[in-house]
Amino acid sequence: MPGPRGAAHGLAPAMRQAGALGLLALLLLALLGPGGGAEGGPAGERGTGGGGALARERFKVVFAPVICKRTCLKGQCRDSCQQGSNMTLIGENGHSTDTLTGSGFRVVVCPLPCMNGGQCSSRNQCLCPPDFTGRFCQVPAAGTGAGTGSSGPGLARTGAMSTGPLPPLAPEGESVASKHAIYAVQVIADPPGPGEGPPAQHAAFLVPLGPGQISAEVQAPPPVVNVRVHHPPEASVQVHRIEGPNAEGPASSQHLLPHPKPQHPRPPTQKPLGRCFQDTLPKQPCGSNPLPGLTKQEDCCGSIGTAWGQSKCHKCPQLQYTGVQKPGPVRGEVGADCPQGYKRLNSTHCQDINECAMPGMCRHGDCLNNPGSYRCVCPPGHSLGPSRTQCIADKPEEKSLCFRLVSTEHQCQHPLTTRLTRQLCCCSVGKAWGARCQRCPADGTAAFKEICPAGKGYHILTSHQTLTIQGESDFSLFLHPDGPPKPQQLPESPSRAPPLEDTEEERGVTMDPPVSEERSVQQSHPTTTTSPPRPYPELISRPSPPTFHRFLPDLPPSRSAVEIAPTQVTETDECRLNQNICGHGQCVPGPSDYSCHCNAGYRSHPQHRYCVDVNECEAEPCGPGKGICMNTGGSYNCHCNRGYRLHVGAGGRSCVDLNECTKPHLCGDGGFCINFPGHYKCNCYPGYRLKASRPPICEDIDECRDPSTCPDGKCENKPGSFKCIACQPGYRSQGGGACRDVNECSEGTPCSPGWCENLPGSYRCTCAQGYEPAQDGLSCIDVDECEAGKVCQDGICTNTPGSFQCQCLSGYHLSRDRSRCEDIDECDFPAACIGGDCINTNGSYRCLCPQGHRLVGGRKCQDIDECSQDPGLCLPHGACENLQGSYVCVCDEGFTLTQDQHGCEEVEQPHHKKECYLNFDDTVFCDSVLATNVTQQECCCSLGAGWGDHCEIYPCPVYSSAEFHSLCPDGKGYTQDNNIVNYGIPAHRDIDECILFGAEICKEGKCVNTQPGYECYCKQGFYYDGNLLECVDVDECLDESNCRNGVCENTRGGYRCACTPPAEYSPAQRQCLSPEEMEHAPERREVCWGQRGEDGMCMGPLAGPALTFDDCCCRQGRGWGTQCRPCPPRGTGSQCPTSQSESNSFWDTSPLLLGKSPRDEDSSEEDSDECRCVSGRCVPRPGGAVCECPGGFQLDASRARCVDIDECRELNQRGLLCKSERCVNTSGSFRCVCKAGFTRSRPHGACVPQRRR
């Protein structure tokens, strides 16, 4: 019955993006039934069943990219692949369309039922085999002989498929040639068999997407894609290439049919892809040059390959097929292989291997597929290579040196006297060739076969070459150097010729000398010329009818057979027709075939078709590097290298070393002989050298021939040595002759700087000033005035040629004659040592301060306030009281002064006191010392993590543990006081961490004790970091509102805002404003003018800093700013406040004032209009302006000047600022400096004892 009308049901794509397929344009063609052809076709072109069933089924196609690469290391290459993301296309009933478009995909539904092996490529086009044409490949092509040489549909350029006569109706935008590989997937419905169930099956394919990355050394495998098609069990699946990268036509096809309905319900799996090798190396299964692309093992080993593999290489198995193509079907038992050029399709069918579909076949030429074989046609200027898979460009033979030996140092030795071509050199006795010492390829490799296709001892004669490729239709190609190629008609043969093998005849290389008569490999019939010359070599083939592959019905396992049925062939006796069919062997006829019994030295072809010579040289019987093995018919010969001799033993011929050192006196009397494999070496004794003779010997060296041997005397030669007869000093011989006086003054300037006077046998020097003669009087040397020590005393003396320079040290100055340094008496200056005794020293002075005083600035003695300098003095059980030049401790009750009166100690110390450590996390945890004289309870019940002395630390017990409650029964922050007992139980007291640990826990802040614990208060602009135990600067620049439209720079306790001119920073608005905006800003400061004339000109600028408009006009100003803005009349402006409504947030929040208000000490109100405020600012107040000082400053007694506050003196009485450190006052602030012998640790910044190195 006819199929459904129109196109088959389409595919609904549901795609996911994948990296490797995102840019790939794939063409998916789905045939949902043989009856899906276009209407109006002939009746024979329509299917008869199964289409409707498949159209109702839902199927799915999954594309899984696999990206492969090749890694080579030390000559070993390995391929590895990685799985990419999947893409899925789903088709089901009810979504019929001609074209579906997705991201990176073009989906076309094809309604054509291509017949006779045709493959659907688009909506209206079939790719037909060479023997058929027509829209559906239903019409046999006229003259289907493969050798017609025509350009019709039967002969495609790159494969065996051709399109019908109808033009393709591809949708707009589709390209015939693409840089990507385009494949078609066909799902074809078959009639369901009896008893088959509905479960779906799936088929998998692994196809290449395009060429791999090619470099100068490594050719990476191309990326591949794994295609999985889920389909009903009655359907079959085919995948074939529509277009390859930069191709001009169809490239290849792959077919996969589902398994017959068997005992195994598991779906078929995709066979892996690997590398196909055509040659093998000695002791290795594979060669070094595989085909560029990936192939299946059955395609490789069933056609041109000898080995196949993926990460490892394996030799191809021997084919088990022993049948001969004769009339009628040829049956073999189950498990038998298909013949050469075919692969098994199922248990009863063999399918032709399309060698042209293998990547890299017939490079630089055209590949033509034949049933069971293929053909390579090379363009002019190219010839078929020995591997028969590529065309090689003809190049003129260059002649150069031929070397017979290559040393272990990669140096070429023993060149031949005549120049040879690389082929003549490497195919005979040469080991390297050319001026660059190019090594000859190893025997048996692909490179060796490339230049020596006939093996060692043979070379190609360019006068006559015969290239023969035998397939289903035999043909020969003759190349003539003197004329165009002439086609040769071959006789028809009743059977297929044996496959090619790597022998001289099968390579098509004739080893006989040139002859005048043209003859082919099969010399049975004369040749005829039937066509004029053409630019390409013409192919002449024997016509052969098409081969039909008939599928036999299913038979029992014992009767299953493989059938390949060629038609119109008569049965013949090959042994009788061709007596030399086996070559070097005897042909034995059989009932259905013949076999060959080969002679000694020959082996049977793998297909048992004829005898080929055994190449004994592959095993290197002559020895590596010892000789050249020449393979002969049935045997071999050894041509030993120099230094080796021929040895004939039970194991055959070989080359053994020749010991030349057995010959006496081989190296002469001046040396000895050392034998090496293949050569010998003469080692000469000292005083002898090797003479370049044949053979080389050691001869005496006449050292006296060299004039430099005895430059100062006469030379006398001796065997192996020489003797010099010295001349008198000042005399010299001329080449061993008489001794003559040497004029030293004429040979140079030995007395420079000075004058030379020649004397008999010597000379004399008169030196210039600053130089003196040397001890021998033969040269002038510089006088080192600095070495004598008489100049530059108390300075650095630098010697110069003929003189010297003085550089005085600190405390010295240069004398008038600039020859010495004189001391500077610093005590002559009154300010050198104020309050102390000045003692002048050489180059410096000393200021000795009385006891209890210290030197300030190196010039002033000041009383040391030990109590403020070290707040920890007398703590924790006493108070420090400063004295002039000393201090004393006032101890608490229960404590007494120490002997030095500088500390308080308990009358009785029931507890030991040691150091308290903060944590063990520091790299050097010994530096994290909180206190140095505390009990274990005071340490571990408060902030301590360990307690001990000198880094012998006892960890504090874990909080809430039994040990902790035993040590700290009252909890964190409390300790027991044994002096206070309530009801027999010691009372607890709070631990004052601020006194116990001081600045170690509240750095840069004020510590306030609480019960329990403590609080650390920081200055404005700082915050307390509980991990660092210190006040850390606040980065105001992190707040974008602080410096809008400007560049914010964080400072310690504040920040700066840099504006781009002419913009200015507005503190009130915390942003950069333009001049127009600043004009109306209340905080803008400019010059204040004391007078303003009637003409609007301002004059008399007021002294002091710039003021705002309000500050200027509320005082004595009459004009303001560079534009001389007039001030309003007194009492009329609203900008001058009448009551105190302002507050200074700085003074309200500054902890440094300790309760002092600016109204009391830091401001000055003036009743008059004038306000004098040096280093501060005037603020208008009722009754007059007030002088206010910035942070860190206070008003002096005059109330008109801001002076710096000495925080170290006023605020560090109890060590609130710098505990255990030295406080240094700065302008507006202060800083803490560690005492001598201490250094600041990280990360807490505490001062710890400096380690001695």
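Using the three backbone atoms N, Cα and C, a Cβ is placed for every residue, glycine included.
The record in Swiss-Prot lists a disulphide bond between CYS582 and one of CYS596, CYS598, namely CYS596. Recorded disulfide link (Swiss-Prot): CYS402 to CYS425, out of the candidates CYS378, CYS425, CYS426. According to Swiss-Prot, CYS412 forms a disulfide bond with CYS437, chosen from CYS378, CYS391, CYS437, CYS440. Swiss-Prot names the disulfide partner of CYS1223 among CYS1202, CYS1208 as CYS1208. The record in Swiss-Prot lists a disulphide bond between CYS806 and one of CYS792, CYS808, namely CYS792. In this structure, CYS767 (disulfide bond) is part of a beta strand by DSSP. Counted with DSSP, the domain 'EGF-like 5' (657-699) comes out as 3 helix, 20 strand, 20 coil. Sequence-distant neighbours of CYS673 (disulfide bond) (same chain, six or more apart, CB under 8 Å from its CB) are GLU660, CYS661, LEU666, CYS667, TYR680, LYS681, CYS682, ASN683, listed in sequence order. Residue pair CYS867 (disulfide bond) / CYS994 (disulfide bond) shows a Cα separation of 17 Å. Shown for the domain 'EGF-like 4' (613-656): DSSP residue counts in helix, strand and coil, namely 4 helix, 24 strand, 16 coil. Listed in sequence order, the disulfide-bonded residues near CYS575 (disulfide bond) (C-alpha within 10 Å of its C-alpha) are CYS582, out of CYS582, CYS698, CYS780, CYS994, CYS1113. For CYS867 (disulfide bond), other Cβ atoms within 10 Å of its Cβ number 22. Only CYS596, of the disulfide-bonded residues CYS114, CYS412, CYS596, CYS1127, have a C-alpha within 10 angstroms of the C-alpha of CYS587 (disulfide bond). Over all protein chains present, the Cβ of CYS1018 (disulfide bond) has 21 other Cβ atoms lying within 10 Å. Neighbour density around each Cβ, counted as other Cβ atoms within 10 Å, peaks among the disulfide-bonded residues CYS114, CYS596, CYS1007, CYS1031 at CYS114.
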